[in-house]
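Below: one structure, written as structure tokens.
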Amino acid sequence: MNNANNLIANEAKSIVQAHLDRLGDVKEHHLTEAAKLEKFELIKAELKKRNAVLVAHYYCDPEVQELAELTGGCVSDSLEMARFGRDHEATTLVVAGVKFMGETSKILSPEKTVLMPTLEATCSLDLGCPVDEFTKFCDAHPDHTVVVYANTSAAVKARADWVVTSSCAVEIVEHLDSLGEKIIWAPDQHLGRYIQKKTGADMLLWDGACIVHEEFRARGIANMKALYPDAAVLVHPESPESVVDIADAVGSTSQLIKAAQTLPHERLIVATDRGIFYKMQQAVPNKILIEAPTAGEGATCRSCAHCPWMAMNELDGILEVLQKGDQEIFVDPALAERAKLPLDRMLNFSASLKR
């Protein structure tokens, strides 16, 4: 990025930090098994009453994922969350994740009520790509196709030609590159660099980053690998390039779970949000999962391998929003219509890959 765009990136980073400062420390709540099951029953009844289904991301806390499973909901990556919510017969979607996931659900299912346990749960990638600045960046390069990661606001999606998730990004950029298209990529610089390296595409990268994945360091993982030389290293491509380079498997959340099943190693060092461990351990019950170390510990790290916004999705919040219906996602219909076009392109392209 040029100097002007570096200034935009620095401003975006300050927005992320300001939001984290307002958020403060997210406290972990440890429920007894009896208390958890009691809340489950209350929430089940409310879900039935509202004809609602719970759609949860892999990075939510284990009890939220467990509840989604027990109530016929969905635990998955953001691409499958979008598909599931669109296709499910429920008239209300309770999205346990971060705000862009709720917005995406509303865009794809405008006739449904979309609720979230909290509307404060956002994403550093979303915050780090303000639509006004991004629009100026795109307007400065009119000969480029605009490809944005799903971790963006509805307004940014509406400015894009394509929306992608980490599970289909490489294939979509490969396709665009084969057509000779030059690409603007936003917002995650690390994922963008990974895609660029994999495809050789001509890409201009926005300077955003995930506060969880940016904290992983190659040196720390190498030190852990020295302790467990028989372990495989699994890395999400939102991590820095030096971390991606030492991985045995790189992929989206769903791809990492598949890699855990496919790799012969009995120990796995996992460099992504620790929320994934719930479903990954289900997939490989006989393997040992090890959290990859982050750049800091305790007060010196910003996420400690768990997104502070994902952690805001709690059972109490799910119960309360079902009872009150007050944390509802709204997207301007005209904006939603524009944002749906690049989302549909992604969904149709992804469906074609499965044929």
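Numbering starts at 1 and runs along the chain as it is shown here.
From the backbone N, Cα and C atoms, a Cβ is placed for every residue, glycine too.
TrEMBL annotations: computationally assigned, not manually curated.
The shown structure was predicted, so the numbers you read here are calculated from the model rather than taken from an experiment.
Here is what TrEMBL says about this protein:
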- His57, Ser78, Tyr149, Ala150, Asn151, Ser166, His236, Pro237, Glu238, Thr253: iminosuccinate binding site (BINDING)
- Cys123, Cys210, Cys307: [4Fe-4S] cluster binding site (BINDING)
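Feature map: TrEMBL annotations on the structure.
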residue: His57; record: iminosuccinate binding site; CB count, 10 Å: 27
residue: Cys123; record: [4Fe-4S] cluster binding site; CB count, 10 Å: 28
residue: Tyr149; record: iminosuccinate binding site; CB count, 10 Å: 30
residue: Asn151; record: iminosuccinate binding site; CB count, 10 Å: 29
residue: Cys210; record: [4Fe-4S] cluster binding site; CB count, 10 Å: 25
residue: His236; record: iminosuccinate binding site; CB count, 10 Å: 28
residue: Glu238; record: iminosuccinate binding site; CB count, 10 Å: 28
residue: Cys307; record: [4Fe-4S] cluster binding site; CB count, 10 Å: 26
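Checking each of the binding-site residues His57, Tyr149, Asn151, His236, Glu238 against Cys210 ([4Fe-4S] cluster binding site) by C-alpha distance, the shortest gap belongs to Glu238. Cα separation, Glu238 (iminosuccinate binding site) to Cys123 ([4Fe-4S] cluster binding site), rounded: 13 Å. When the record's iminosuccinate-binding residues His57, Ser78, Tyr149, Ala150, Asn151, Ser166, His236, Pro237, Glu238, Thr253 are compared pairwise by CA position, the greatest distance found is 17 Å. The two recorded residues His236 (iminosuccinate binding site) and Cys307 ([4Fe-4S] cluster binding site) have their Cα atoms spaced 14 Å from each other.
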